[in-house]
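The following features are taken from Swiss-Prot:
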- CYS19, CYS55, CYS84: [4Fe-4S] cluster 1 binding site (BINDING)
- CYS152, CYS156, CYS159: [4Fe-4S] cluster 2 binding site (BINDING)
- 10-120: domain 'MTTase N-terminal' (DOMAIN)
- 138-379: domain 'Radical SAM core' (DOMAIN)
- 382-448: domain 'TRAM' (DOMAIN)
Amino acid sequence: MRYFMSYSAPNIGFVSLGCPKNLVDSERILTELRTDGYNIIPTYENADLVIVNTCGFIDSAVQESLEAIGEALEENGKVIVTGCLGAKENQIREVHPKVLEITGPHSYEAVMEHVHKYVPRPERNPYTSLVPAQGVKLTPKHYAYLKISEGCDHKCTFCIIPSLRGDLDSRPITQVLDEAKRLVDSGVKELLVVSQDTSAYALDQSKENQNKTVFWNGAPIKNNLITLCRQLGTLGAWIRLHYVYPYPHVDDLIPLMAEGKILPYLDIPLQHASPKVLKAMKRPGSVERVLERIQKWREICPELTLRSTFIVGFPGETEEDFQMLLDFLQEAQLDRVGCFKFSPVEGAVATDMADQVPEEVKEQRFQRFMELQQQISAQRLQQKIGKTLPVIIDDIDEDGIIGRSMADAPEIDGVVYVDNRSESAVKIGDIIQVAITNADEYDLWGTC
C-alpha cells in the first residue's frame, strides 16, 4: 500500500502598481518567490503575507499606493511594502505604522529576506521545475517587457525618479540579450524595451567598457544601444522602444527601423516646445532642431510612428508658451501623443517654483491640446485606410478580434478591430495581415 503526504506551500498575496518598469520588478520578485517554493494567490484572505509593490511618481500614485497598503493591512494584516514609494519609508510609516517591512525599488534580495523572516522558506519545494525559464510574467504570453537599465541621470525639475530609483545603472548587454532570447524561445512575439531612459543605455559605463568587445551567440559585439537593438533584431520578434530621450545617437536607430530590424516606432517624451519652459524643466530644447530631425527620420523611414508625451500648465507657462506647443504639434504631426496636466510632486523642484498655473487654466489648456492632437491623429490614421498592415492579435471573443499594428503599443496606444471574413483560424499572439477599411482618432478597423 502506498501512502501520499499532502503538501501545502505558504501563500503569498501580491499587489503590483505603477509603470511597466515596476511591473518588471514585480515579475522578478514573483519568479524568486516561486523558485523558493511559495504559492502566489490573488486574494488577501488565505495569504500568509502580502507584498505591495508601490508607485510614487506623482501624488495621485502615492495616494493610490497608500490606499492599497491600507486595504492589504485591513484585509490581511501582514504586509511588506516595496517599490518607488518604499524609498520614502517615513511617509508610509506615518500613515501605516503596522507595515512589517519597507524596501525601495529593485530591492529584490531585501524583499526575499523579509519574506523568509516572516514566512520561512519551505523545506520542500514542489515548484522549482514549474518555474519557466523566462520567469514569471504578468503580461500575456505573446508580449513582454524587457528592462535594460535602472535609474536615471537627468535632473528634470518635475520628476523625482532619480531620488527613488537612483542613478543610471545599465545591465550588461549579454545579460539583456540572454533574457530576450529566453523570452522569444518561450513564445513571446513582441519585446517592449523599457527603462527610465532607454537611449542612455550603457552611457553610465566607461568608454573602455563601451568599446570592449564581448561575445554573444559566437559574434563579437560592443556594449551600446545601437548594437543591442541590432542584436535584438535578429531574434525574430517585434522590438519596440519606449522612453527614448532624444540624444543625437538616436538618429542611428532609424536605419535599423527602415531595414525592419526593429519596429518603426519611437516613443520620445519631448514634454514641451517652449524654450523657456523646457529650460525650467531642465530638458533639452531646440524646437527647430527637433523638427529637422523628425523630417529626416521620416525621409529615412516613411513608416515611422512617433509617440510623445507633453506637460501643460507647468509653472510659469504663459499663453504664448502654450501657443508654441500647439504650433509645434501642428508642424510635427506626431502620430501618438499623451498629455498630462502638471501635478505637484513632493520633492520635485517644480513643486516650489513661482508662477504656478491655476487648475482651471491647466484644464482649459489640456482640452485645447487634446482637441488639436485628436484632429492630427485622426488625419494620420485616415492615411492608413486602404493599406494592408501586419497586426498582432491580443484578444478574441464573441464580438470579434482585437489586435495592434506596429504603430500601437499595448495599453497606451490604439487597437485594430478585425473582421475575420475569411474565417481563418486565428489565435492570440498570431501576427496576421489586415486590410484597413476605417479609422478614427485612436483606432483602426479592418478585415482579414
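Glycine is no exception: its Cβ is also placed from the backbone N, Cα and C atoms.
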Most Cβ neighbours inside 10 Å, all chains, among the binding-site residues CYS152, CYS156: CYS152
CB-centroid shell, 8 A cutoff, [4Fe-4S] cluster 1 site CYS19, CYS55, CYS84, site residues removed: LEU17, GLY18, LYS21, ASN22, THR54, GLY56, PHE57, ALA61, GLY83, LEU85, PRO105, LEU164
Conformational class of CYS84 ([4Fe-4S] cluster 1 binding site) under the three-state DSSP mapping: helix
Remaining residues near the recorded [4Fe-4S] cluster 2 site, that is with C-beta within 8 Å of the centroid of the site residues CYS152, CYS156, CYS159: HIS154, LYS155, PHE158, ILE160, ILE161, PRO162, GLN196
Cβ neighbour count within 10 Å of CYS19 ([4Fe-4S] cluster 1 binding site): 18
Lowest local Cβ density (other Cβ within 10 Å) among binding-site residues: CYS55, CYS84: CYS55
Segment-level pLDDT (mean, integer) for the domain 'TRAM' (382-448): 92
CYS159 ([4Fe-4S] cluster 2 binding site), number of other Cβ atoms within 10 Å: 22
Helix, strand and coil residues within the domain 'MTTase N-terminal' (10-120) as assigned by DSSP: 55 helix, 22 strand, 34 coil
